[in-house]
Each structure stands twice: as C-alpha cells, then as structure tokens.
Amino acid sequence: MSSKVEHPAGGYKKLFETVEELASPITAHVTGRIPVWLTGSLLRCGPGLFEVGSEQFYHLFDGQALLHKFDFKEGHVTYHRRFIRTDTYVRAMTEKRIVITEFGTFAFPDPCKNIFSRFLSYFQGLEVTDNTLVNVYPVGEDYYACTETNYITKVNPETLETIKKVDLCNYVSINGVTAHPLIENDGTVYNIGNCFGKHFSFAYNIVKIPPLQEDKEDPINKAKVVVQFPCSERFKPSYVHSFGLTPNYIVFVEQPVKINLFKFLSSWSIWGANYMDCFESHETMGVWMHVAEKLTGEYLNIKYRTSAFNLFHHINTYEDHGFLIVDLCCWKGFEFIYNYLYLANMRENWEEVKRNAEKAPQPEVRRYVLPLDIHKVDTGKNLVNLPYTTATAILRSDETIWLEPEVLFSGPRLAFEFPQINYKKFGGKDYTFAYGLGLNHFVPDRLSKLNVKTKEIWVWQEPDSYPSEPIFVSQPDAMEEDDGVVLSVIVNPGPGQKPAFLLILNAKDMSEIARAEVDINIPVTFHGMYKKA
C-alpha cells in the first residue's frame with residue numbers, strides 16, 4: 001500500500017471549493033459496462049458551501065450540507081445534488097452571513113443589532129447547529145441526513161428535497177448522537193450519544209430505534225435508551241464518533257480526547273468560541289474500553305485499558321469463543337486529529353501539506369481482543385488464546401486488563417480510513433475483507449482492500465485523482481464475502497479530464513469495471529449509503 005504518488009499540482013484543493021446545486025439530474029458519460037443488477041442510488045453527504053458572503057468557514061466539518069445522488073438504471077447513470085435546507089443554511093442565505101456557530105467557525109452576532117441586543121444574545125443559551133453534512137441513513141421507510149448534534153434532517157431520497165428537522169432530544173435522553181448508526185438487517189437502528197447520567201455526571205447512552213411496525217407509526221417515536229456507559233471524568237466526556245456491535249454485545253471505546261463541559265457551556269455565552277475550542281487531550285488517561293450486553297443492557301464491569309489513541313471509525317466487531325475482536329482505524333497518541341483538518345491546512349501547497357502531516361499522530365489499523373471470561377488466578381497472564389492473532393490481554397494486579405493490539409496495517413503517513421465491509425452479511429460477525437479510503441498525508445488519493453486475516457492489500461490509484469469513502473455493494477447472487485462492486489466518487493482535476501466521475505470497481509481485485517463521468521466538480525463527501533431500487 002506504499003504510495004509513491006505525489007501531488008505537486010495541488011489538485012486536491014478542488015475538494016474544498018464551493019459548488020452550486022443542480023435544478024435537475026444530469027446524465028453521466030459511462031465508459032465500461034455497469035453490471036445489470038446495479039439498479040439503485042448512491043447517496044452521499046458532505047460540505048458544498050465553504051463561505052457565506054465574505055465570511056469563510058474554517059474547518060473541514062463546517063461547510064453547509066450538500067446531498068448527492070448517483071442513480072443507476074439499465075446501464076445508465078445520472079447525478080443530482082441539492083443543499084439541505086437546514087435552519088442553519090436557510091438563515092445564512094437569508095442574512096448573507098454565517099449565523100450559527102459550526103464545528104470550527106464561530107458565528108459572530110448580527111452587526112445590525114444594537115449593543116444591548118447583542119449582549120442579550122450571548123445569554124439566551126446555546127444555539128446548536130443542524131448542519132447535517134456527515135451521513136445519510138434509513139429509519140423505517142424514511143431517510144435522514146445527520147451530523148453529531150441532536151438534530152437530524154428528514155430528506156426525500158428521490159428528489160433530495162428537505163422534508164423536516166427532527167430534534168432527537170424530544171424522544172430520548174441525549175445531547176447529541178454520532179453520524180455512524182449501526183443498522184441491523186431487520187431495520188433496527190442503534191446509535192450512541194452523550195447525556196447527563198446519575199448525580200449530574202456525564203454518561204454515554206445507547207439509543208435503539210425499532211424497525212417499522214405494522215401500525216406504521218414513525219419508529220423514532222419508539223426510540224429508547226437501552227444501555228448506559230459510565231464516563232471516566234464527571235464533567236469531561238470523551239469525543240465519540242462510532243461504536244461496535246455484535247449479536248450479544250455493544251463496545252464503546254472511551255478515548256483521551258475530551259470535551260471540557262465548563263468551557264463548552266461558557267464559550268458561546270461569555271467568550272465566543274466554537275466546538276473545536278472546547279476539546280482538550282487527557283495526556284495520561286490512555287484508552288478505556290467498555291462492554292455491555294446488548295439484550296439485557298447490563299454493563300460488564302471489566303476494566304479494559306490500553307495506550308492512548310484517537311479513534312473515529314470502527315471497522316467491525318465480532319465474538320469468538322469468549323472473546324470480542326475489535327478492529328479499529330487508530331491514530332497513535334492523545335492529540336486530536338481534527339486539529340489538522342482546518343481548511344487552511346488542507347488547501348496548502350503539497351510540500352506544506354506534508355510538513356503539517358509530519359507533526360500529526362500516525363495512523364494504524366489495529367485489532368484488539370477483549371476477553372469476557374475473567375479469573376483472578378490468571379493475574380499476569382495473557383488471557384488471549386486465539387491462534388490467529390498476536391493481540392494480547394494481560395490481567396494486572398489492580399484488576400485492569402491491559403490490551404496490546406495486533407497491527408493489521410501501518411504505513412508512514414498513509415492511513416486506511418473511512419472503512420466499509422460487507423455489513424449486511426458480515427457486520428458483527430467473523431469476516432475477512434475491509435475496504436478503505438487511503439489518506440496520503442491526509443489527502444485522499446487511493447482506494448484499498450485489506451484482508452484482515454492475511455494483511456494482503458489491493459489498491460486502486462490514479463495520478464491526480466481524489467476518491468471518496470468506498471461503498472461496497474453485494475451482488476444479488478453472491479456466494480462469497482467479496483462478490484460485488486465498490487463505488488467511490490472521484491475528483492479528477494487533471495488537464496483534459498472530466499472534473500469528476502463515479503468509479504465502479506470489482507470488489508475482488510479492485511480492478512475498474514466502469515466509470516460515469518460528469519462535467520462538473522464534486523466537492524468532498526464524508527459518508528453515505530447505497531439504496532436499492
């Protein structure tokens with residue numbers, strides 16, 4: 001997976017350019033042959049507006065939400081996109097300025113207000129963004145765009161129209177939830193978010209939304225908290241981006257990147273800050289891993305500990321003979337990776353991009369093994385006896401279990417991120433293949449397939465081409481785990497090229513099957529899904 005590709009032309013900067021939405025879908029030019037069974041839609045979310053008037057957004061996660069769709073039908077492809085009409089977006093367009101504070105951009109008070117009105121606005125409480133730019137997922141028969149706050153946005157997956165804003169606080173006890181819900185084959189949705197727990201201390205709640213029932217009532221009305229994980233620090237919850245789920249267990253990784261609650265509550269009301277200003281790193285905490293029983297909600301009081309890392313994406317979690325196997329995309333150390341994702345850094349010339357990345361934590365794909373059956377007589381021993389992994393779990397005299405991982409992939413400044421698997425058939429189960437977006441000094445420049453058993457790697461890469469998260473789509477008559485295709489949106493700013501295309505790869509060997517080119521630029525997208533016709 002070692003990349004020799006350099007990017008001196010800086011074509012990656014096209015990922016962070018504002019674009020216009022489309023009034024109607026446009027037809028893509030297809031080369032190659034699209035599988036006849038591929039009939040459906042690829043839905044993607046990401047930022048599409050990086051400034052409002054003369055005011056710039058500063059962080060990668062600040063731009064206004066743009067919903068994308070590639071439609072497949074009888075070998076033809078169309079592309080459509082529309083801005084999500086969130087309150088944040090509508091007010092910004094109306095007032096021609098940034099109105100609501102985003103992840104890394106503070107929204108200054110309306111300059112037209114008098115001093116007294118502006119003073120009062122500081123003390124009217126936190127106005128949380130509903131800029132749902134990160135992901136899109138189904139709940140029952142509906143589809144929602146999401147970010148990491150308490151707001152999700154119901155959208156029409158056919159027309160991309162915005163339907164309504166939903167505040168999850170009206171249904172369950174959470175302050176916000178991740179943009180990485182895990183969805184079971186029956187349609188049950190699980191997610192995790194932080195909340196106030198017992199004795200006014202923070203905790204982390206697992207929220208369950210059931211599938212659509214015979215009464216056709218909106219499943220969100222039936223959402224409930226099924227598990228609560230404790231917080232290691234009363235007023236400093238950890239940042240959580242994803243979690244692990246098996247048929248019988250839920251895994252939560254508590255990392256040393258913390259949200260300072262006092263700073264968070266005072267930032268808007270007193271000193272004017274953004275979300276990024278409220279994060280801090282706990283340099284001595286390391287990482288705590290928590291496990292609960294999925295069916296009963298019982299928290300297992302087993303103290304799993306390991307050295308510090310940042311975590312955003314779980315690859316997969318499964319059970320094997322009394323152990324939980326937890327595969328993660330890690331960044332070594334306690335420093336917050338998001339510190340390196342300001343747009344000014346991402347838009348630098350290539351040599352400066354590399355210099356900035358040299359200072360950042362190193363990426364690594366790791367496998368941790370968590371023993372579930374603990375006996376105190378085993379103090380000092382490695383409790384892992386699975387023959388296929390070098391990961392260890394040592395029971396210490398203080399009754400903590402110290403975990404050391406098996407490294408599945410590591411490359412200098414080369415990350416395997418935004419992982420995807422054949423989730424329908426292998427989510428929460430023993431599996432072999434993961435697909436990832438390759439980041440070269442944070443620049444996405446390749447697509448990779450990883451065999452987690454043998455560590456073999458397959459790569460798709462072309463000069464001056466910048467992919468998105470790969471989406472695996474299984475073929476209808478699949479006999480093997482990797483029978484299917486991989487879909488990715490490619491920005492391609494090289495001379496004589498179409499600005500962007502949808503790439504279709506053979507999921508077995510990562511060879512190109514087809515591409516569907518469009519005559520317009522497509523900015524960066526974060527996450528999405530394939531919706532069958």
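Glycine residues also receive a Cβ, built from the backbone N, Cα and C atoms like all the rest.
According to Swiss-Prot, the Fe cation binding site annotation covers His180, His241, His313, His527. The Cβ of His241 (Fe cation binding site) has Glu148, Thr178, Ala179, His180, Leu311, Phe312, His313 as same-chain neighbours under 8 Å, each 6 or more residues away in sequence.
Positions annotated as S-palmitoyl cysteine by Swiss-Prot: Cys112 (among others).
Annotated S-palmitoyl cysteine per Swiss-Prot: Cys231 (among others), in sequence order, evidence recorded as similarity to another entry. Counting every protein chain shown, 22 other Cβ atoms lie within 10 Å of the Cβ of Cys231 (S-palmitoyl cysteine).
According to its DSSP assignment, Cys329 (S-palmitoyl cysteine) is in a strand. Using a 10 Å Cβ-Cβ cutoff, Cys329 (S-palmitoyl cysteine) registers 26 neighbours. For Cys329 (among others), the entry in Swiss-Prot reads S-palmitoyl cysteine, with the evidence type similarity to another entry.
What Swiss-Prot lists as S-palmitoyl cysteine is Cys330 (among others). When other Cβ atoms within 10 Å of the Cβ of Cys330 (S-palmitoyl cysteine) are tallied across all protein chains shown, the result is 27.
What Swiss-Prot records for Ser2 is N-acetylserine, and it gives similarity to another entry as the kind of evidence.
Taking all protein chains in view, 19 other C-beta atoms sit within 10 angstroms of the C-beta of His313 (Fe cation binding site). Summary of the Fe cation site environment: with the site residues His180, His241, His313, His527 set aside, the chain residues having Cβ atoms within 8 Å of the Cβ mean position are Val134, Asn135, Thr178, Ala179, Ser242, Phe312, His314, Phe418. With a cut-off of 8 Å between CB atoms and residues at least 6 apart in sequence, the same chain places Arg44, Cys45, Val134, Asn135, Val136, Ala179, His180, Phe418, Glu469 near His527 (Fe cation binding site), listed in sequence order. In the three-state DSSP scheme, His313 (Fe cation binding site) is classed as strand. A coil conformation is recorded for His180 (Fe cation binding site) in the three-state DSSP classification, outside any helix or strand.
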